[in-house]
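Take a look at the structure set out below.
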Amino acid sequence: MTVPSPSPSPSRASDPALRLAAPAKVNLFLHVVGRRPDGYHLLDSLVAFAGVFDTVLVAPPPEDEGSGEGEGEALSLTVEGPNAGALADLSGDDNLILRAARALAEAGGVAPRARVTLVKRLPVAGGIGGGSADAAAALRGLYRLWGLTLGDGPMLDLALSLGADVPVCLFGRAAHMTGIGEGLTPAPSLPAVPMVLINPGVPVSTPAVFRDRSGPFSHPAPLRDAPINAIALANELILRRNDLERPARGLADAVGDALALLTDQPGALLTRMSGSGATCFALFGTEAEAEQARAYLAALRPAWWVERTVLVSDARALDAQA
Ligand code: C5P
């Protein structure tokens, strides 16, 4: 497995910053296959992305612009966008983007000097890896800004130290994920299936969901051939599941509500929760059916986050839209 070298799209002419897409990740299935002695759960999951994303902009700090490189730390993070309000204490050391920046600077032997802007559109703590995607995008941008030459292995180790979902977000392509997130192999190519994502606005605690999981561990059958269309993909996925759905429903009624609403939509081929919730998704055979479901759900639940998008296998292509 190799992490593709960071390759943000060229900056816009009027904007000196590198712009990177931090797309939602979607667990098409997620089986809990065991538990490590330290309490972390071992997973077997097919992870892809969706065409909805936060944008991360990375630029030199103002004092370095035009005057070469300064010394010492000069790191700032500004958060804007529709979901910015959901992120508390932006400057805190537990902010994943700042932690990622400092860890990367240390690994690369450079001073952490950058101005990072996050345009936050994805729901926070929603099971679609928003924070992990933001950290991975920041790593890609800062890697390029600082001209680093760390290899794939150290980058994946660094990503894993930030969170179990950060490696797959850094990998940026649909992958079969094992271990707690460190085992990544490219998935067979997946069709760009129309999908609707909904989040009921109830944060679900990932540790609590894992803690409430019970019963025997389950092992998904290996994916057979690459599914050629939405129906073939849905037929593969229906044989597998998300083992965290049950505990998440127990913690938040809204998860069951979201799944039931999606399942009722005409044309919904498969409905499932992503990650530890509460975001759920449905796959559709046509864009028209997906749009009809989006419009209906957005009107029915105006306070919820409802998005129509497509399944994305290669998240790097989204940098051009960021
Ligand atoms: O690594 P991340 O921050 O995503 O994980 C949050 C918490 O979720 C962990 O501290 C752990 O309690 C739980 N977790 C787990 N097994 C995983 C991933 C997360 O038990 N594979």
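Placed from the backbone N, Cα and C atoms, the Cβ positions cover glycine too.
Unlike curated entries, TrEMBL annotations are predicted automatically.
Following the DSSP three-state reduction, the secondary structure of Lys25 (active site) is strand. According to TrEMBL, the active site annotation covers Lys25 (among others).
Marked as domain 'GHMP kinase N-terminal' by TrEMBL: 95-173. Taken together, the residues in the domain 'GHMP kinase N-terminal' (95-173) have a mean pLDDT of 95 on the 0 to 100 scale.
Taking a C-beta cut-off of under 8 angstroms and a sequence separation of 6 or more, Gly129 (ATP binding site) has the following same-chain neighbours: Ala24, Lys25, Asp165, Val168, Cys169, Gly275. Taken from TrEMBL, the feature ATP binding site covers Pro123, Val124, Ala125, Gly126, Gly127, Ile128, Gly129, Gly130, Gly131, Ser132, Ala133.
The active site annotation in TrEMBL covers Asp165 (among others). Note on Asp165 (active site): other Cβ atoms within 10 Å of its Cβ, all shown chains, come to 28.
TrEMBL lists 234-298 with the feature domain 'GHMP kinase C-terminal'.
Between the candidate binding-site residues, Pro123, Gly127, the densest Cβ environment within 10 Å is the one around Gly127. The most crowded of the binding-site residues listed here (Ala125, Ala133) is Ala133, judged by how many other CB atoms sit within 10 Å of its own CB.
DSSP assigns Gly131 (ATP binding site) to a helix in the three-state reduction. In terms of local Cβ density within 10 Å, Lys25 ranks first among the recorded positions Lys25, Gly131.
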